[in-house]
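> Dumping what TrEMBL says about this protein:
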DOMAIN    23-313  domain 'Tryptophan synthase beta chain-like PALP'
MOD_RES   K62  N6-(pyridoxal phosphate)lysine
BINDING   N93, G198, S199, G200, G201, T202, S286  pyridoxal 5'-phosphate binding site
Amino acid sequence: MQEGRKGVPSLLSSQGECIASNITQLIGWTPLIELKNIAKKDGIAARLVGKIEPYQPLSSVKDRSALRLIEDAEERGLISPGITTLAGVTSGNLGIGVAFVAAQKGYKFIAVMPAKLSIDKQILLRYLGVEVILVDPALNGFKGLLDRVEQLKKDMENVFVIDQFTNPANPDAHFRWTGPEIWKDTAGKVDIFVAASGSGGTVTGVGRYLKMKNPSIKLICVEPAESAVISGGEPAFHNIQGIGPGFIPEILDRSQIDEIVTVTTQEAMGMARRLAREEGLLVGISSGANAAAILKVAAREENKGKMIVTMFSSGGERYLNSELFAQVKEECININKAFC
């Protein structure tokens with residue numbers, strides 16, 4: 001397979017029928033898009049480019065990690081369909097990725113999630129046949145989630161933990177696939193790569209590949225201003241789902257990060273709404289954080305004319321019941337009351 005062309009392009013390049021054998025074959029390549037409207041409106045002279053990960057089968061960059069985490073465990077003989085139960089901590093998107101890959105391959109999956117975080121993702125996980133265990137995030141924070149997974153291992157036989165925070169297969173997915181896609185589709189012209197860190201997989205894997213191809217490429221990590229742990233701050237509550245877990249993930253390679261940019265929850269949500277209304281891009285909160293960060297970077301004099309690439313990590317529909325959509329949701333409810 002041509003480097004950077006896993007997924008749909010692999011079907012289109014074949015002779016004869018273009019039919020995927022199963023849904024996992026569709027995980028891979030996604031298009032890049034230039035944010036020309038926002039750049040023009042804000043007077044930005046740099047090129048702002050986003051990678052549209054909602055094009056993944058279940059609309060998230062985590063589809064890539066989920067596939068590689070499961071395939072890696074299979075390759076090492078650690079799991080078997082129909083025998084092994086997969087379990088893991090997730091804020092939702094990785095769990096959804098694991099859920100559909102597990103369903104296709106024949107694994108049972110148990111997702112451990114913080115309660116009250118995302119009803120949309122809980123609904124999708126249950127719809128996909130996943131057993132969802134909710135843990136009160138006020139009790140021991142992230143450790144409480146890990147403790148619940150450890151309890152599952154004690155209570156059940158043949159449990160394998162899908163751990164995106166420590167397993168090198170996570171960044172490997174982005175070194176193998178995402179990084180090569182960006183390099184090829186920008187014709188090697190990318191100057192700066194900007195990505196938020198949740199598990200650390202994307203920024204580590206993509207950054208590692210791009211710097212291998214061109215060491216002068218700058219790698220910028222984005223994290224919530226309210227919980228800027230990578231920058232040396234204290235963990236705290238924020239509402240940018242999927243990033244800023246409140247600790248530094250084991251797989252995050254900080255040695256290759258050139259700079260850290262912080263973004264507030266309100267900046268992230270404001271930019272996600274701008275992307276919808278000015279570029280027609282319906283993306284999630286962390287995508288808004290990435291876009292807000294590239295605007296900050298692009299506004300600098302030294303970055304005029306440079307190509308700055310970021311990730312639009314998930315689709316916006318997954319956040320309909322979050323603060324991101326709160327105002328329009330309330331407006332729609334009030335309008336419909338007139339017809340009751």
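Going from the start of the chain as shown, residues are counted 1 onward.
Using N, Cα and C of the backbone, Cβ positions are placed for all residues, glycine too.
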> Just checking a number: largest C-alpha distance across N93, G198, S199, G200, G201, T202, S286 for the pyridoxal 5'-phosphate site, rounded to a whole Å.
14
> For the recorded pyridoxal 5'-phosphate site formed by N93, G198, S199, G200, G201, T202, S286, which further same-chain residues have Cβ atoms within 8 Å of the site's Cβ center?
V61, K62, S65, L94, Q164, N170, A196, S197, V203, G242, I243, S313
> In this predicted model, what is the average pLDDT of the domain 'Tryptophan synthase beta chain-like PALP' (23-313)?
95
> Sorry to bug you, but what's the C-alpha spacing from the residue listed as 'N6-(pyridoxal phosphate)lysine' to G200 (pyridoxal 5'-phosphate binding site), rounded to the closest Å?
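Between the Cα atoms of G200 (pyridoxal 5'-phosphate binding site) and the residue listed as 'N6-(pyridoxal phosphate)lysine', the distance comes to 12 Å.
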> Ranking the binding-site residues N93, S199, T202, S286 by other Cβ atoms within 10 Å, which is at the bottom?
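Counting other Cβ atoms within 10 Å of each of the binding-site residues N93, S199, T202, S286 gives the minimum at S199.
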> Sorry to bug you, but what's the C-alpha spacing from K62 (N6-(pyridoxal phosphate)lysine) to S286 (pyridoxal 5'-phosphate binding site), rounded to the closest Å?
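With the alpha carbons as reference points, the distance is 13 Å.
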> I'm trying to understand the geometry here, so how far is the Cα atom of G201 (pyridoxal 5'-phosphate binding site) from the Cα atom of the residue listed as 'N6-(pyridoxal phosphate)lysine', in Å to the nearest whole number?
9
> Would you pick out, from the binding-site residues G198, G200, G201, the residue whose Cβ has the largest number of other Cβ atoms within 10 Å?
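That would be G201, with the highest Cβ count within 10 Å.
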> Could you list the residues of the same chain, at least six apart in sequence, whose Cβ is under 8 A from the Cβ of K62 (N6-(pyridoxal phosphate)lysine)?
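N93, L94, I96, G97, S313, S314 - these are the non-local Cβ neighbours of K62 (N6-(pyridoxal phosphate)lysine), listed in sequence order.
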